[in-house]
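In what follows, a structure is listed as structure tokens, so that the remarks can point back to it.
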Amino acid sequence: MNALLAALRISRRGIGQARARSALIMVMIGLPVLLLTVGVTWQATGDVTTREGLDWNIGAADAHVQERASSKPVRQSANGSIRIDARGRGVQYRNLTEQEVLTLFGPGSRAVPLRLAWTGYQGAKGYREHDFREIDLRDPITKGMYKLLSGRLPRAAGEVAASPGAELREGSTVTVSGTGAAVTVVGVVEPQRDPGRPEIVALPGTVFDGSRKVSTNWLIDTPAPVSWQRVREMNRHGVAVLSREVVDAPPSGNGPEDPVPQGTVGGSDIMMVALGAVIIGLEVVLLAGPAFAVGIRRRRRELALIAAQGGSPRHLRGVVLADGLTLGFAASLLGAAGGIGIGAAVTPLALHGPFEVPVGRIAIVVLLGVVSALLAAVVPAVQASRADVAEVLAGRRGRARERRGLPVLGLVLLSGAIAIIVIGPVLPRWGMGFGLYQVSLLAGAVLGQLGLVLLTPWLVGAAARLATRLPLPFRMAVRDAARNRGRTAPAVAAVLAATAVFAGVAVVISSQSAQRGTRYEPQYLMGSTVVTSNGSNPAIWREIKRATASALPGVPLIEAGELAKPGFSHVNIVVQPGCTRDCPTPFAWFREPLVGGADLARYFLRGPDPAAEAALAAGKAVVFDPRVLRDGMLVFTAELQKRTSHSVPAVVRRPQGEPLVSAILPVSLAARLGLTVGYDTLIADPAAPRVTPEQETRLDAAVRTLSRSAYVRTERGFQDGSATMLLALALGAAVLVLGGTFAATGLAAAEGRPDRATLAAVGATGRVQRLLVAGQAAFVSGLGVAGGMLIGLVFGVVGYLSMFSGGRVEGVWVNSGPVGSFASEVDVPWLALASVLVGLPLLAALMAALCVRTKVLLTRRRT
């Protein structure tokens, strides 16, 4: 204990004497801790538990009962989030009445209905649709469900309160569709479960008159808490119940009977967290290790004096490890505090849950930071304990011994990592998607990182032997890096690992994007702007048409729809092609036929076609592929009360290009089938003046206010979004590369002062000294980036093929060129990789050259 306290005192004194270097180490350790703390705080705040959201959902009620009751027993979780109904014949459902609910809960109970329906209304801004709820907000049982922002609560028939998302002002009047009732907005209330949701709340009996389907749940006020035994008893009557008592004090094991498993964290989630922790921890070790080495090199004489006065190697290791413990603990605490502060400032802007600080998870993050700092100080501690005391006190610098077996071991680990990743997808999986495949990913990543670390010193030496023909400053920089591999290798390994991750992930992202682009099938002609509103009733559709025509004056609009039941209920139509199963199946065959007129036929045929227009006028369908027909008829099935088969005469017309839809049905067909046409699509023909992005944005905003299912899109073909992801990856890699490079360059500059003083003494200019430091930065970053790029390409290609071919690789296409007898496409983003390969070393060299001090004070050697 005395030795530990002495080591901590020496460490604290050394940290205070080298504040800049200590701050750098703390930043390297504390920044990952800060980011991880923000992440876990964000996740905990966004994960609103049933207990946290209880008042938002059921107010002050003792229990909440779902509307639907089963004729057979049901099972549920203690928090009511999971319900499992009995299956099989004889299972029937009914809606509970108030008397049935009161009978279940016994004398003295009170049941308050909470009715909900998606309802339309006519207001100052036209026709809209929102959630309508009927409940008396003055009832104490609703406390906590809504927050009054302005005005007052409804207290008479014909009065409603609106949420801010409904955009209705106090005093405005709206007419409810269906009933025609005119109601006045008397207040603005915020629903606590979802503050941004558009919603209108009315007194019972104000909006719903029995003509529409309404969902009715029940808020229950009971004389005594509803226990888990009472809940299970109601489950046996086919009723699911959410009890405040059970949520506040859940039974052990989720209840004594038929426990229903709660949502658990999947094995994939655990593995990804573990993988991220390992990689981040290793990166911290590799980045902070050279920075610790800087301190040890600067304190070589101090440590040698401790050894000369009787200090053992264990004491020297303790002093260096005390640096890691002190700096790691301080940096981790500051990083965690900063992460909590940033989380508290940021999470309320995007998340609704109560701000939560997950102390346990943050403690694990802090522990990860401390352990990473200690691991980063291990190698410098061992080196300090093995230093030659006489050599250090004489001012001489020794040469690190090479261990020839380490590169071989590194190569073996690297090869093993690749092999594990290749065979991983064929390994079995267990429950929750977890299995040997996830274990293989983690093992491959860890072994690959360790292999790179062990292989790096050999790479440094091999690269140095190739630099004999470089100009003098660069040759000196490479020689210095090779001679001091203890500080060079960790930085190169950190750069190499970061670049390998970037290159591997870049290959996977680019290949996935290329695959999506190859499989992309346009639904409309290129350049067409399309307004779609799925499931909207005719009143809303008329408003959407009016808004579209107003936003796009002078642009011809083509209207299309689908077959629907009266009341605009969608009918699922499936075309039955006439060819055999072996014929190719274009994507257009999977699209339901559209219903329209001559203008729709001209659009899909890319020009006028009298035969097609005449066929539609005669009640015939138009198809674009003869293989769809059966003896001149278009055969399709329709999901009505049951699946029925129908046929309609059809003509074949060939479009100028690939067909985009299976068929166009005539409007008259709907009446023959006893159906209607539900119009839901407006197409702005690209032959007319193109819709500008500004017009598209304004139109999209306009139609979304009319219906939550309405939106606007312009067919622009496949949109490759991988460039943004690659840029973010490149920026992350740049931070790690520059951090590792500057750590090694700083150490080289600190150790190389005698050499630079000698250069200055013999007449070397500032330019030579700048080139020397730039060469050191270029060597570290260039070697790490080049090696990481090569290894990352291998990992990326192998990993992508194994992941997306299930371990059964049938073929490889690299940038549209065949390789062997493979068929899966791998797209390598050469431009992005080349930019990182060339740009980062040049940037590191330039920044190092600009930051170096060329005025060197001449020093004398110790004798």
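For all residues, glycine too, the Cβ spot is worked out from N, Cα and C.
Annotation comment: TrEMBL describes 284-387 as domain 'ABC3 transporter permease C-terminal'.
As annotated by TrEMBL, transmembrane segment applies to 21-42 (among others).
Residues or ranges marked as transmembrane segment by TrEMBL: 270-296 (among others).
Marked as transmembrane segment by TrEMBL: 316-342 (among others).
Residues or ranges marked as transmembrane segment by TrEMBL: 362-384 (among others).
Look at TrEMBL and you will find 405-427 (among others) tagged as transmembrane segment.
TrEMBL lists 439-467 (among others) with the feature transmembrane segment.
The transmembrane segment annotation in TrEMBL covers 488-509 (among others).
What TrEMBL lists as transmembrane segment is 725-750 (among others).
What TrEMBL lists as transmembrane segment is 771-801 (among others).
The transmembrane segment annotation in TrEMBL covers 830-852 (among others). Below 8 angstroms of C-beta separation, residues 499, 502-503, 506, 510, 726, 730, 733-734, 737-738, 741-742, 745, 749, 769-771, 773-778, 780-782, 785-786, 789, 793, 815 of the same chain, each at least six residues beyond the ends of the transmembrane segment (830-852), sit close to that stretch.
The highest tally of CB pairs under 8 A with the transmembrane segment (362-384), across 316-342, 439-467, 771-801, is held by 316-342.
Panel annotation: around the transmembrane segment (316-342), residues 3-4, 7-8, 10-12, 14-15, 22, 25-38, 41, 292, 295-296, 303, 306-307, 357, 362, 365-378, 380-382, 384-385, 387 of the same chain, lying at least six beyond its termini, place a Cβ under 8 Å from a Cβ of the stretch. Distant neighbours of the transmembrane segment (771-801): 414, 417-418, 421-422, 448, 452, 456, 459-460, 463, 467, 470-471, 473-474, 476-478, 480-481, 488, 491-508, 511-512, 737-738, 740-742, 744-745, 748-749, 752, 756, 759, 809, 812, 814, 824, 826, 828, 833, 836-837, 840-842, 844-849, 852; these residues of the same chain sit at least 6 beyond its ends, with a Cβ under 8 Å from one of its Cβ atoms. In the domain 'ABC3 transporter permease C-terminal' (284-387), helix, strand and coil residues by DSSP number 89 helix, 0 strand, 15 coil.
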